[in-house]
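I have placed the structure first, in the form of structure tokens, so that the comments after it can refer back to it.
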Amino acid sequence: MTSNFSQPALQLCYENTNGSCIKTPYSPGPRVILYMVFGFGAVLAVCGNLLVVISVLHFKQLHSPANFLIASLASADFLVGISVMPFSMVRSIESCWYFGDAFCSLHSCCDVAFCYSSALHLCFISVDRYIAVTDPLVYPTKFTVSVSGICISISWILPLVYSSAVFYTGISAKGIESLVSALNCVGGCQIVVNQDWVLIDFLLFFIPTLVMIILYSKIFLVAKQQAVKIETSVSDNRGESSSESHKARVAKRERKAAKTLGVTVVAFMVSWLPYTIDSLVDAFVGFITPAYVYEICCWSAYYNSAMNPLIYAFFYPWFRKAIKLILSGEILKSHSSTMSLFSE
């Protein structure tokens, strides 16, 4: 006797290949929606951060150590958008990796390197803002272009060296070879590292984040004190000199920049905290996190690369003006690099 009910056919990533991963595709409706959502994030990360880089490099008024750091941060986020997110999008939605083992390693390496590079950039930007707000008179001599260059170099070299060591030496899988072998299949690209390296990953997130929290806490305390002093001084002396007025405007601008970048730091922490906690816990409970939970955490982190340009556009009038000049083609005109972007 045969049953009238048949099990749905098992789908594989590669139908005619032994050891293929099992494919668990979405139905057409959710599939289209996910491609639109993830694709929009990738396009926003690429286009938005490219506008930031062009703005800082083209307009001479933006050539400052702090803005060079911001441009370098935007470069890291741009690379996440163009080299990581599109391929992760296909993997997340199709539940298969179709780009080969070699590119899987490269993709994972770039994923980790560029994301940790963003964290280090934000950490150095916090240091820059701390000096600018707490010691504005000596800031130009302390945080020079050469110092900014050193910070940028560290923010790129350390993550690249670390991620290369993790994915190309095999040391991250030491002690869990049997688990890696069990999870390995054709059409898969899953990052599995041992508990020691998961702890290192957590520290690479936690230490810069802790530094940022401490520095921005001090920044906002100092900024509040400065605001009170300036209000008192203006009310006591209506006829203040132009020099004092200029100092007050500069201090106000530095505080506003610190607040804006503080929002950027908060966005980074909110975006990355779920993924970091999930990775830490998962390594100690046998990697049992459901696929959909992992994907939510992962894309929450990816979307951080698309958020920074939106934050700049919302808080920085100069960035909005730069975008208009770029999109209208005004930057193609001669002497466009010397245009004024600030209202004062």
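Glycine is no exception: its Cβ is also placed from the backbone N, Cα and C atoms.
For C104, the disulfide partner named by Swiss-Prot among C13, C21, C185, C189 is C189. The disulfide partner of C21, as annotated in Swiss-Prot and taken from the candidates C185, C297, C298, is C185. Both V145 and I331 carry the same topological domain label in Swiss-Prot, so the record keeps them on one side of the membrane. Here the transmembrane segment (68-88) sits against the transmembrane segment (32-52); at least 3 CB pairs are under 8 Å, leaving out pairs fewer than 6 apart in sequence. Comparing N18 (N-linked glycosylation site) with C189 (disulfide bond), their Cα atoms are 17 Å apart once rounded. Taking the C-alpha positions, the distance from C104 (disulfide bond) to C185 (disulfide bond) comes to 13 Å. Residues of the topological domain 'Extracellular' (89-111) grouped by DSSP class, helix first, strand second and coil last, total 17 helix, 0 strand, 6 coil. Here the listed stretches are 196-216, 261-281, 283-303, and the one with the most C-beta pairs under 8 angstroms to the transmembrane segment (32-52) is 283-303.
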